[in-house]
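Residues annotated as active site, proton acceptor in Swiss-Prot: Asp8. Among the features that Swiss-Prot reports, active site, proton donor is placed at Asp129.
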Amino acid sequence: MDVIPAIDLLDGKCVRLVQGNYDKVNVFHDDPLKVALYWQRLGAPRLHLVDLDAAKTGEPRNYDLIGKIVASLEIPVQVGGGLRSRQAVADLFLQGVNRAILGTVALENPKLVASLAAEYPGRIWVGLDARDGYVATRGWLETSKILATDLAQNMAAMGVAGFVYTDIQRDGTLQGPNIPALRQLLAVTNRPVIASGGVSSLNDILSLFALTPHGLVGAIVGKALYTKAMDLREAVRAVGQGRWQDIPPDLGSTTWA
């Protein structure tokens, strides 16, 4: 299972929001590229980038920064946030992005998603951002009447490669992942799923790892890494390739490059 660090971009900085609230912004670093290189050095198998400006406005505000990050890394990068047109997705892939995570457009223009999935097989994923089980859109500012499980089944039928499931009410809270909701989703789709939202500790990572036989392939971690509640190297050793059965205590400390 992949443990995937998240870098949320807002105004060119690395930030975290609490439950997707743009009024509750914590700036963790002014240089997202330095953060990306740091996570790669600690063993991240891939990186999850979110353009929060684009998620809110639909305009790619951090396009150049994303390209710079992708060009500087050796690990694959997946990007979400505000990808609502064919051109926006094509531009990202031209920059070397590995996967595009589509959100709002999956509800508003499913035919476009199906077309993109056919054009870029294996590279189009859908972000299922759920509030009380219902899909939220436009940077989580609006909540639909569509269940995440229903959207997942529709999108799987249209050929998307997988899903990133985020429990909005747990995102940025360190309250632990929503295991029951993940089980429900995994039960209705045969596509791989990446979990996001609330992951706070190595125990949470191990709880998610128990779902891998059912199709869970990764966990996105944000605040727990930035507040040092979790050590990325330990998490990767615990559930990644060549994982250790016993995790030694981390007696050292880490600092930014």
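Numbering starts at 1 and runs along the chain as it is shown here.
Even glycines carry a Cβ here, placed using N, Cα and C.
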For Asp129 (active site, proton donor) and Asp8 (active site, proton acceptor), the CA-to-CA distance in whole Å is 15
Around the Cβ of Asp8 (active site, proton acceptor), other Cβ atoms found within 10 Å total 25
